[in-house]
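Beneath this line is the structure, given in structure tokens, with notes to follow.
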Amino acid sequence: MIGAPPPYATLLAFTRYVGRTGPSKATFVSGLRRQRESGSGFNPHGSLVKALKADIQFRTEGAHLTAVIDVVRPRWRPLYEALVPGAISYLKSLGDPAKVGLAQTHDALGVLGGLSLKVNPHLGLRYDDGNAEAVRLHFDPEPPSDEAVVATLHLMSRHMRQMLPRATPVLVDVRRGTVHRPDPAIRSGDVERWLAGEAAAFAAMWARPRRQPAKYAREVMTSVAHPARVRTFHPRRGRMTGRHADALTRLWPVYGVPIPESPTTRLDPAALFGRRAPLVLEIGSGMGEATVAMAAADPGRDYLAVDVHTPGIANLLAVVEERGLTNVRVGLGDAVELLRHMLPAASLDAVHAFFPDPWPKSRHHKRRLIQPAHVALLRSRLVPGGALRCATDWAEYAEAMLETLRADPELVNEHDGFAPRLADRPLTKFEQRGVEAGREIFDLAFRRRH
């Protein structure tokens, strides 16, 4: 259904819909947007939309589109001229001008995977046979990817009641005059799950949304029930190979567990894995080597690996498929949010936190994963007798971990202090580099009291 995008290709392709997340797309569109917001410059896109509407309204067959070229500044003329032939081609594809007219459209607002969305068509059309279309124009030099087409049309369909009731969504590639309409063979549920995962991945890249109005901040960001979040991870991007991109696109709907910023639904492990078995939560799975090795050697338990590094998630998905593992699922997002909102109490047989970010600066210690509030949360999700295992190569953090875990009265240290290296913890490339650099590895093994 969906091809192999580069990392975050889909959401980057329609960041204009995402009102509070991430930077604008790094093309000339961004520069034009900045100029428009500052009140200077010329926006060929906006002018083309106005001219296209005028040609539809007055049935002038491209006269307005052509006339605007004469008033375009020389600097922007090549950009506008590149758009006009395709726009005229699309105009001609509408058929008899007497049978189509403009219809008023409205922007739509919604939420996807914890992101606020602004979905806006550029124009609405109403035909004399009663049909209507909400049209969004794609201006970029490159044609829209299959992913962008599927995502855009799906989002427009989902919010059509707000934009133009009972209309069909249409995406027009202006430079080429190509028209894209929904494919009835694509199931909306599949697209919804895929987009939720993309949105969660996109949200995890950025530490904070842009500042919101006070009411929104009170209700969502700083309420008593949902205090302002202190992230325990660095949002990370990275290079994605073609193999990884393909794995992420194909396998995320099968194995992926999106973790939105403010989850509202509980996770059902039995439904997720298709069986009832002890569940292990792997926080910070990296490239997935340890997760795969442990899951393959331990088929009687299910493993839920959580990380924010998309290339690592993609690599884990690819290896899970190659090894034919059925007891691994992959979550992308904040593990603390997963624990707090999505996993029920006493649902985990074990929690692994191997090499979490040490946040070495004193002012960043509040971001550490192993701290009293998080430990209490972790312990509450363990079954009686459930294991909490940690490892780090940062000596100061290791001492802080040991002190924090010892202080919880409901946890029992399986050793007097630090544990010997856990025999079933695979050696990862990350750990190997630490060993080669001469850093000591510290293991901790605690259990919840019965």
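Here the Cβ of each residue, glycine as well, is placed from N, Cα and C on the backbone.
Classification of D357 (S-adenosyl-L-methionine binding site) by DSSP places it in coil, neither helical nor stranded. Sequence annotations record features per position, and here TrEMBL assigns S-adenosyl-L-methionine binding site to E282, D307, D334, D357.
Here TrEMBL flags K361, D393, T428, K429, F430, E431 as substrate binding site. In the three-state DSSP scheme, F430 (substrate binding site) is classed as helix. Around the Cβ of F430 (substrate binding site), a 10 Å sphere holds 15 further Cβ atoms from the protein chains shown.
Comparing local CB density within 10 A for the binding-site residues E282, D357, the maximum falls on E282.
Across the annotated binding residues for S-adenosyl-L-methionine (E282, D307, D334, D357), the two most widely spaced Cα atoms sit 14 Å apart. Annotation note: D393 (substrate binding site) sits in a coil segment as assigned by DSSP.
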